[in-house]
Amino acid sequence: MTSLTILPSARRLVGRCRRVPVMPTARKTRLSACTVRAKHGGLDDSEFVSFKLGERQQVTGNTHLYRFKLDDAGESINLPIASCLLVRATIDGEEVIRPYTPTSAATAKGHFDLVVKVYEKGVMSKHFGDLKEGDELEIKGPIVKLPYAANMKKHIGMVAGGTGITPMLQVAEAILSNPEDKTKVSLIFGNVTEQDIILKKELDDYAKQYPDRFDVYYVLDKPGFLWKGGKGYITADMLKQKMPPPSNDNMVFVCGPPPMMDVISGNKAPDKSQGELKGLLKGLGYTPDQVFKF
Ligand SMILES: Cc1cc2nc3c(=O)[nH]c(=O)nc-3n(C[C@H](O)[C@H](O)[C@H](O)COP(=O)(O)OP(=O)(O)OC[C@H]3O[C@@H](n4cnc5c(N)ncnc54)[C@H](O)[C@@H]3O)c2cc1C
C-alpha cells in the first residue's frame, strides 16, 4: 500500500475520518481528503464540513462580517488564489448552496472571515443574517475559480459591484503582498450609496501604500451632494479611462449583481461556465480570454 506522510495536525483529523468504513482502495482517498483538510485548516474541497460562528460584526447597515473558528487556533485556510468557498444550508426544506470569498488573509490563524450582505429577497444571505454566535454552517472548499500566478499579466483591471468586491480583494491582496509580483491592479467599484461601500478602508490603504501598483475608482448610483467619485452606473467611458486596454498582457475581472454583469460583460452561463462575452467590454474590443467573470 502507498505510504502517506501525514502532518501531526492531519492526524487529529484522521480521527474524524475513521468513522467512515473504507475499502483498502478508498482508504487512500480518505487520507488524502484529511491531508487537504489539514492544509486548509479543516476545509475539504470534496465534502461539506461544519464550522462554528465565532463572532459577527456589523460592517454596513445590511452587511456583517462573520468570523468562523478553525479547530486548531494555529492553522490557516491557505486558500489558493483565486478561490472561493461554497456554503450549504437547508432553508424551508430546500438545499441552498452559494459561493463566498473569505476576506481574511489566506494565512490568518485560527479563523476565516466572510463578509455577507443581506438582500431583502435573498435566500442564503438572509440565512446568514439570522446566524448567531455559536451556530454552525456547512462549508466546502477551496473551489479554485482562476489559478493566479504572479506576473501572469502586466495589468489587471477589476470591475466589482457590491459584495462582488470580495474575490477582487483576494487577488489584489495576493498581488500586492508579493514583492516579486509586478502586476498593476486598477479597480472600478460600484455601489448604490457611500454607506454601502464595504472594505473601503482596506482598499484605500492599498491605494496609499502602493500608489504605482493599485488604484481604485468608486462609482455610486446615488451619490451624496459632496461625492467626488464616479456618479451613476459604470459606463464605457469609465472603463476606457480606468481599465487596462485590450491586450494579451492584460486582463479584466468582473464580479457583481446579475444586472451589472449583464451590462459590463454578459452574465455567466447557467452551468456557471464563463458564457458569451457581451456588453461594454466586448464593445471596447476585449476578447473572451481577456475577461474573467467570477
Ligand atoms: C465567486 C463569488 C464570490 C462571492 N462572494 C460573496 C461574498 O463574499 N459576500 C457576499 O455577500 N456575496 C458573495 N457572493 C454572492 C453570493 O454567492 C450570493 O449570490 C448572495 O449572497 C445572494 O444570495 P441569496 O441566496 O441571498 O440570494 P438569491 O436567493 O440568490 O437571490 C434572491 C434575490 O436577492 C437579490 N440579490 C441576490 N444577489 C444580489 C446581488 N448581488 N445584488 C443585488 N441583489 C441581489 C435579488 O433580488 C434576487 O432576485 C459571491 C458570488 C460569487 C460568484
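Each residue, glycine too, has its Cβ placed from N, Cα and C.
Going by TrEMBL, these are the annotated features:
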type    : residues                                                     : note
BINDING : Arg98, Pro99, Tyr100, Val115, Lys117, Met124, Ser125, Thr166 : FAD binding site
DOMAIN  : 46-149                                                       : domain 'FAD-binding FR-type'
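Known features from TrEMBL, placed on the structure.
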residue: Arg98; record: FAD binding site; DSSP class: strand
residue: Val115; record: FAD binding site; DSSP class: strand
residue: Met124; record: FAD binding site; DSSP class: helix
residue: Thr166; record: FAD binding site; DSSP class: helix
Largest CA-to-CA spread of FAD binders Arg98, Pro99, Tyr100, Val115, Lys117, Met124, Ser125, Thr166, angstrom: 17
Other CB atoms within 10 A, centred on Ser125 (FAD binding site): 19
Surrounding CB atoms that lie within 10 Å of the CB of Arg98 (FAD binding site), all protein chains: 17
For the domain 'FAD-binding FR-type' (46-149), the mean pLDDT of the predicted model: 95
Other residues, Cβ within 8 Å of Arg98, Pro99, Tyr100, Val115, Lys117, Met124, Ser125, Thr166 Cβ centroid (FAD site): Val87, Thr101, Leu114, Val116, Phe128, Thr163
Chain-internal residues, separated by at least six, CB under 8 A from Tyr100 (FAD binding site): Cys84, Leu85, Leu86, Val87, Leu114, Val116, Thr166
Nonlocal residues around Met124 (FAD binding site), in sequence order (Cβ under 8 Å, 6 or more apart): Val87, Ala89, Ile91, Val96, Arg98
